[in-house]
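*Asks:* Look at TrEMBL and you will find 47-118, 123-219, 220-328, 329-452, 453-561, 558-684 tagged as domain 'Cadherin'. The transmembrane segment annotation in TrEMBL covers 699-724. Residues annotated as region 'Disordered' in TrEMBL: 804-866. What TrEMBL lists as compositional bias 'Basic and acidic residues' is 815-832. Annotation comment: TrEMBL describes 833-842 as compositional bias 'Low complexity'.
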Amino acid sequence: HPFSSAGRRSQLLKGLPATSTVEENSAAGVAVYNFSVTVSPLASLPTIVHSNPLAEAFDIQPKGGLEFRVITTGNPVLDYETMPKSFDLQIFVEDTIGRTDLNTLTIQVTDKNEHPVFRGNVAMQTVTVYVLERTPPERIYQVDAADPENAELKYSLLPATVPFLIKENGDIFSTKEFDYEKDPHCYFLNITVTDPDGLNSTRTVKINIININDEVPYFTTKQRIYRIPEEQSPGTIVANITAKDPDDGDSPSRLFYSIQSSDRHFSIDPATGVLRVAGRIDRDTLPLRLHPNISLTVRVEDSPSRGHASEMEITVIIDDVNDNPPECKPSAFRREANENTAPGTFLVDLRTYCKDIDADPSNNQFIFTGLSGFGSNNFALESTASGRLVMTGTIDLENPANPGVEVYTLTVRVQDIAHPNYSSKYPFYISFDNIIYVYIRIKPVNEFFPVFRNLSYVFSVSEITKVGSSIGRVHAIDKDWPPNVITYSIVAGAGTRDYTNIFWINPTKGDVRILARLDYETTQKHIFTVQASDQEKSTTASVTVNVLEVNDEEPVCSPNFFSLQIPVNLAVGTNINGFRIECQDRDSDPRSFRYFINEGNENRHFTFSPSAGSNTSRLILASRFDYEGGLDTNWVYSLRVHITDDNLVSARDKTTHLTKTGTVTLSIRVIPNPTTATTTTPGFTVVTRRENLYSPSAWYVPFVLSLGGSLLLGLLGCLGLLLLPRLRCCCCCPPAGRARSTPLFYFLFCVSSQAMTKLNTIFDGEARDPVTGRMYEFNTRSGARRWKKSSEPLQPMLAMQVMSSATENSGQGVHRAEAPSKKEPSEKRKELTAATKPAAKPSAGQSETPGQAGLRLQKKKEESED
């Protein structure tokens, strides 16, 4: 920081800022600028904290005391032509008390005239140019140079006596046609390039004159036939071919040798003529197996191209050697033999799989020896020449004395009869024979049946066990060695009326699992048969699964939905409309039920009695309604009743204690006084919805139903045609003459006519149903009713009369229905007897109350049922 702690700048650097110059190409350590510091001691030496442009070409070096100088580092070397022309160095210094100073030194790089520079190959080395004799004067080479200052350059050539000249652009020309025999064979030209200030650079160009050969060379070697063994390593010398060129005089000839015939086995040195082995020569393969002679055409030339040449044919004979050991394909054999196989049984003939590919018969003979391996005493070779392997002993896998080996590994040695020579073909081949591996697998014979550890298995499992759970395991063993793989399966049982298979067994481990939910209430015990099989022999065992009881059934109550209507002034403690529910539970005692209203019981007007300990309970009004005081505002109560079971039927075999809950829904409508009362007695509607779904597997059901319906319709049609003449009679009773012949028919016809007469009722009143809000018609005498078909509104006066009369009748009917519940059993029987008696027919001026009509219709219904 260039300021002190007081906020003012401290002048610590003396002589800065400043500007200095340095010449390009200055060496490392050249002083550029000197400066000093004004105080001592310093916390650190002055440093260059920044360079613009960024470079490491400068550094600060102490001179002694408070004197310092800026020097060049030589990395990189300053170049005026390629680098920036100016550098701004920021120099920083700090003393021991924290004062700092920062100043800039500007260094400008100055240009320096430099020597011209050659470019291309001539700049790095002496260039050699070859010129053929008899070549007319022409351009033979061009040198190139450049000046760092881009000045114009001049070229010159020395010595001036040579037959060459150089142009202004650096092109070198020959000035005569050279004769190799008369002129010098080599010239050295000193090429100099000079800039306008006289600075120059010099390079040398060498000119070699090449001789032209016009004589035909000839072979000096007389031998034409050579013999070598096969499998010689590449580079082995076969022959030394020599030749002479008359143009060379007494000096060694420069000739070029080549093989004209296409052959991959040999190569010739193009300069010396030495013939060598180039590739593998195998006497045992075609075509050398049939024709072991190789013919070569050797050519010698005095020039690589367009020269004079001569040719010579030579023959190389290839001799066979014992270079191939016997080979067996495959080299490993696998055979099988049953245990207890008799001695002398033939296993394999090794000779049919082995051969020696040497071309000479004396080199391809072999024998079999050295049978070895663990358990080899049970096997033998018939002879060394035959290679037939046979059994010599009996192997019983179950015998305790048997070592327990299932596969015997035997080795047989195959070797040449003749002395081998493998080194040329197999340089790392140590043994002169081949090893054959014979693997004899002794096949077990299935002699024993699988045996279960237990004759029967018993598993106990809870009825709420999840599907897929393991409930036990069966296990069987096999005395055969090695033990056979045992597969488990269920062969009998394991099914129910609803499921073909309710159990599954793991075929490899014997784990028994359930495939469907168990139900103690349906089946308490399952018995099935499992089988253990080793693919050939099998045995069975019995499995018993005892299902443990669990409270997994919910209470089922009837009815589960009910609609009730009660007057607003109904007395507390009254059994509402005589309603009661009856519950059943397949796995719980009837005394285990508890009843409570879970939802909708606002102000706790309703309760059930008894609330626990019975499978039946009645709905009781627990408190009065208070609509006038504003306590109650709801006229329709939707009660959700929960029924729970607390224990199992049987205390034994309990796996867990659970509680199940059933649900009943009640809809109670409170009827206000008396203007909105309904004319009908309280009742309920049970709606049953059934949905038929077609199943592809039950295709026969609609077919059978259609066929049966068609037959029934046909039968009824025939019966109708037969009875049609008898239906013409309008009287209920049959004629005297026909009473005995058709009494049953006429009795049915009379009953039907009476029923039709009673149903033909006149509906003389209308009212609105308080539950659905729909209009219905009713008969004021019988109480019969039906939904109104017309949408016309009811007349106001008629509606008020009907509703008033209906309210009074309804109130009487309610009290009559409630009276029996408050009396003793004996009194109930008396009232029920009196209620079933026929009611007196009302007079013409007196209307029958709905209660009386209801009792009369109920009596007729009971009589018809009897």
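Any Cβ shown, glycine's included, is placed from N, Cα and C.
Give me the lay of the land around each of these features.
*Replies:* Across the domain 'Cadherin' (47-118), DSSP assigns 0 helix, 42 strand, 30 coil.
Each residue in the domain 'Cadherin' (329-452) has a pLDDT score, and their mean in this model is 84.
Each residue in the domain 'Cadherin' (558-684) gets a DSSP state, and the totals come to 6 helix, 57 strand, 64 coil.
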*Asks:* Could you put numbers on the helix, strand and coil content of the domain 'Cadherin' (220-328), residue by residue per DSSP?
*Replies:* 3 helix, 44 strand, 62 coil
*Asks:* Going by DSSP, how much of the domain 'Cadherin' (123-219) is helix, how much is strand and how much is coil, in residues?
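*Replies:* Reading the DSSP string over the domain 'Cadherin' (123-219) gives 1 helix, 47 strand, 49 coil.
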